[in-house]
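Below you'll find the structure, written out as structure tokens, and then a few comments.
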Protein chains: 2
Amino acid sequence: MEINIAVKALAALAQESRLAVYRLLVEAGPEGIPAGKIGEALGIAPSSLSFHLKELAHAGLVTSRQESRFVIYSANFAQMNALLSFMTENCCGGAPCGPDCSTACPHVEGDHS
Amino acid sequence: MEINIAVKALAALAQESRLAVYRLLVEAGPEGIPAGKIGEALGIAPSSLSFHLKELAHAGLVTSRQESRFVIYSANFAQMNALLSFMTENCCGGAPCGPDCSTACPHVEGDHS
DNA sequence: CTTATATTTCGAATATTATTGAAATATGGA
DNA sequence: TCCATATTTCAATAATATTCGAAATATAAG
């Protein structure tokens, strides 16, 4: 992952409404939720929500599919995994590290992609 | 973790210089790096770097200690772990999910990989 | 005490982001 | 076709962030 992509993904999550939307979509899983339901659940105006969803989608964190009149959004877990890997890359220079670190750094427990 | 804390942490990371600083500190591990070396390694002006380090520190993502004339910064792995947990909380409503999801969601019970 | 080094704070210019109403687009049904 | 529903785009405003030079602070050494 390139740093600009990571920055874009983090910026997409660094906003209260968008983070709430993303967490809702994580909870919903692969089935996703239609845009209207998201706005209803979180109390976000349609035009604001559209702006935020576009931001999340452009960052690759969510995907959308059209289903009849509804646009259904869902979390892109692969992108989140890539982001997490990028942030903890080469943790502690590859040396064994304590429990706090090892939780954040997948390389300690096994392969490090 | 409260959503405002998470947003602050994500905003701290959602900037190219700061993300680079954070990744450098993750790589350095608990020993940390003095501010000057960080600026030198990444080509950031002292006043800008100070601003960014303060932002990261205020978000709880890095800590600092004074050692002689130097201020040594290091990554706070516990805060990153808390952030990751917050973002993937109640993934897929707790239901078993695919390999992509299970990687991102440490809380998922059982082995879905 | 004076000087050099390391880092932070301040100030001001520039750039980016968020919000919302109103208008536009798209789909499905009467 | 015409209307209602779902969502997006546009435009203008308001709020927030970034940058870096210059000045300030702090520690150490001569």
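Cβ coordinates are placed from backbone N, Cα and C, and glycine is handled just like the others.
Where the annotation comes from TrEMBL, it is an automatic prediction and has not been curated.
For the domain 'HTH arsR-type' (A:1-95), DSSP puts the residue distribution at 63 helix, 14 strand, 18 coil. Annotation source TrEMBL lists domain 'HTH arsR-type' at A:1-95.
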Per-region confidence, the domain 'HTH arsR-type' (A:1-95) (mean pLDDT, whole number): 95
